[in-house]
């Protein structure tokens, strides 16, 4: 939809066309010719997630957004409510639809659009744009270092760009099983995923129990090369190779499993006397 600034699937495009071009102007990515103005307008919006932050900002509690297998009537009701009636937007931002087909870029000022994007740290230039999500399952630790009298109370901290997130603390366990899912947004200029394991202390600073890094470039490159993973059966599509320069215990295989791109990672913790960490990483495009 070139005037709204979002990408839509084939199941939804017919509904969008039925709304009229004054609400949603549908163009094919491959079959239609795009003007520079239309391309610039799409870029200005910043992707489906940014648009949804506005058009879906006030979805009622308990309301279910239609999924991939939703019927045509359910899709039609939702899309009309979202874009034509604008029922899920803040009331002061609703746009009266006329005969013209203004671009999303002209509807909202750059300052307003910037408020829906993550700002860089002080001293950094530009805005942080995201290309996808990482779902990191911290599975377990093995033979972790002792930091208390006989044991440790470990937890894992993940850092990607400006984001930091951590697992729960597991008390008195050198072989903890977390099986905990953590979500991180992947910035356009991403670096490695950093992991740190700490021992939680009640009355003093937490002690480091080792660290490691995951190079996420092989995973993202493989996922983007294959496109929609649901089109493929279970198969290996990539590999992050063990070397002296990384913390891998063995080569890390990247697979398509049940329509999802996943990577199994086994790491030996660095700068510590012992300890291993097992994780599973899944790539999620922003439209999922």
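Note that Cβ sites are derived from N, Cα and C of the backbone, with glycine treated the same way.
Keep in mind that this is a model prediction, so the values were computed, not measured.
Copied over from TrEMBL, here are the features:
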type: DOMAIN; residues: 1-99; note: domain 'Arf-GAP'
type: DOMAIN; residues: 114-232; note: domain 'C2'
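Break the domain 'C2' (114-232) down by DSSP state and the numbers are 14 helix, 52 strand, 53 coil. Sorting the domain 'Arf-GAP' (1-99) by DSSP state (H, G, I as helix; E, B as strand; all else coil) yields 43 helix, 0 strand, 56 coil. Confidence for the domain 'C2' (114-232), expressed as mean pLDDT, is 87.
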